[in-house]
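Undergrad: The structure that follows is given in the form of structure tokens.
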């Protein structure tokens, strides 16, 4: 990502509006909050849309860092149990525990050793709740401010994370319940993120903005694994739960201060950036909010591009959650590494991926912007190439005999999979931007099924704790990715789907548009129940000379001067075509009786010449 994409006012923003920021019309700004009078809600050297992307990235870092807490805690539980068994003559210490490393006291041990079944339930319980709120999260992100939904999801999960240590001391059932609740609230995060970009991401910057936000998922693992390993080894397994819970609360306060629902509600956004975002998005953000009744479910279920995204999400979720939940166990059981070592080595692949994900997004947008490849080809190339290379390197991991070889293979494999995020994970915004958050909820919800199945399968494959048990684990992971490559390569698309357009009666109505009276037959008549008030004579010419509208005449041919924004006007019959009239209109006094007269209900204006106040309009 070059500096031009991050700058406060890029050249692209300036050229998009056809002028410099000084030549742009002034816009009415939102009222400043009390804190805004002392500290501006912005990050230095970052445009407002990239500020939102960075804050979203940090939110995902906290969210996915919390998922590393239990993986490291389980390793500590296992070591304590093995130590106690050895002290009582019930077992023999293995090489991993026969060290001078710090071993916590008995008070750190859960009341009862967890069985394989209990561990599987604890690992998968998060995804039970995560699955349930994906699609509802998409609808909520469409109906309510997506920024608020995203922030509340992260802070609620952080508060629940503070309860996990206490629940562990009581009984595994309470741990399962807390983690189910965490999954329920975090299920809103990905759909809400797509809801955020519906208002903030220009079409040619979707890949880079979305991948910058999503790379927080992998940066969270990069920081989470070593940090949790250090806190667990040096202090206690409880420390990482408390640390991430507090970090989540602090992040939420900053998020409330700096994140806004849409650009027009940001008090400090530059006019050039505001115009660039709004003009590039066009009327997509003015369309009515989809409801359960208006959502084309049958089209979703019969669209192969939708199934391609779902299959890709499932394949990626299987391997991602496999690494998050079991990579530390794999390195310890197969190569006898210490807990702190597993944290640092396990974070290396995700560190490389954190760099690859936003870089891949920038490259994908560049290929599309310059016309080198179509959007469909870009999505297929990045997704299939990333999945295929990760599957290939997983086969190398399966038969690797050294920790160094396995770590390098994992690093290259996970790094290549970073390009896939610029494929399937952004594809929702390509095929149906209006339903992107709902589609994200669907695909991520079905992908979550992988998070339910994966722990059960892997726990049973490795129940004997032998090093060779991990070979079929990585072979099966490679096969999952190869299946994803084939399906996505055949059926994926990057083009707007026909069913993604709103119904004709909703096309011009925004979420905030006033409902008009319904005419017989379901058609809306903007003039029903109201007649235009007489306009005082303002030379030239007097408005009394304008003919009254003919009710029997089609709306497209009406001479009604007040039907702007709804239909195309005729040439000579439209009084707005006179430049002299426009000048007189703009110079009319504010207390004009016409300005205070009741106006007929109109659909929301989407044409550029009706934006802003009267003095801002360019006819």
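Cβ atoms here come from the backbone N, Cα and C positions, even for glycine.
Keep in mind that TrEMBL annotations are predicted by a computer and have not been checked by a curator.
What TrEMBL lists as compositional bias 'Low complexity' is 506-516. Taken from TrEMBL, the feature domain 'Major facilitator superfamily (MFS) profile' covers 51-496. Feature annotation from TrEMBL assigns region 'Disordered' to 1-29, 499-539, 593-619. The transmembrane segment annotation in TrEMBL covers 50-70, 149-168, 209-235, 241-260, 306-330, 381-400, 406-426, 438-458, 470-491.
In terms of burial and nearby residues, how do these features look in this structure?
TA: If you look at the transmembrane segment (50-70), the same-chain residues 6 or more away from its ends with a CB under 8 A from one of its CBs are 5-6, 42-43, 122-123, 126, 147, 150-151, 154, 157-158, 161, 164, 179, 182, 186, 189, 193, 196, 200, 209, 212-221, 223-225, 227-228, 240-241, 244-245, 247-248, 251, 254-255, 258-260, 324-325.
Residues 1, 49-50, 53-54, 56-69, 71-73, 75-76, 101-102, 193-194, 196-197, 200-201, 243-244, 323-324, 327-328, 338-344, 346-347, 350-351, 353-354, 357-358, 360-361, 418, 421-422, 425-426, 429 of the same chain lie 6+ residues outside the transmembrane segment (209-235) yet bring a C-beta within less than 8 angstroms of a C-beta in it.
Sequence-distant contacts of the transmembrane segment (241-260) (same chain, six or more residues past either end, CB-CB distance under 8 Å): 35, 41-43, 48, 51-52, 55, 58-59, 62, 65-66, 69, 73, 147, 150-152, 154-155, 157-159, 161-162, 164-165, 224, 227, 231, 266.
Sequence-remote contacts of a segment are chain residues at least 6 beyond its ends whose Cβ falls under 8 Å from one of its Cβ atoms, and for the transmembrane segment (406-426) they are 206-207, 210-211, 214-215, 218, 308-309, 312-313, 316, 319, 323, 327, 331, 334-335, 345, 348-350, 352-357, 359-361, 363-364, 378-387, 389-394, 396-397, 400, 443, 488, 492.
Same-chain residues lying 6+ beyond the ends of the transmembrane segment (470-491) with a Cβ under 8 Å from its Cβ atoms: 304-305, 307-308, 311-312, 314-316, 318-319, 322, 326, 330, 333-334, 380, 383-384, 387-388, 390-392, 394-395, 397-399, 423-424, 457-458, 461-462.
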Undergrad: Restricting to CB pairs under 8 Å, which listed stretch, 149-168, 381-400, 438-458, is in contact most with the transmembrane segment (306-330)?
TA: 438-458
Undergrad: What mean pLDDT does the predicted model reach across the domain 'Major facilitator superfamily (MFS) profile' (51-496)?
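TA: Average per-residue pLDDT within the domain 'Major facilitator superfamily (MFS) profile' (51-496): 83.
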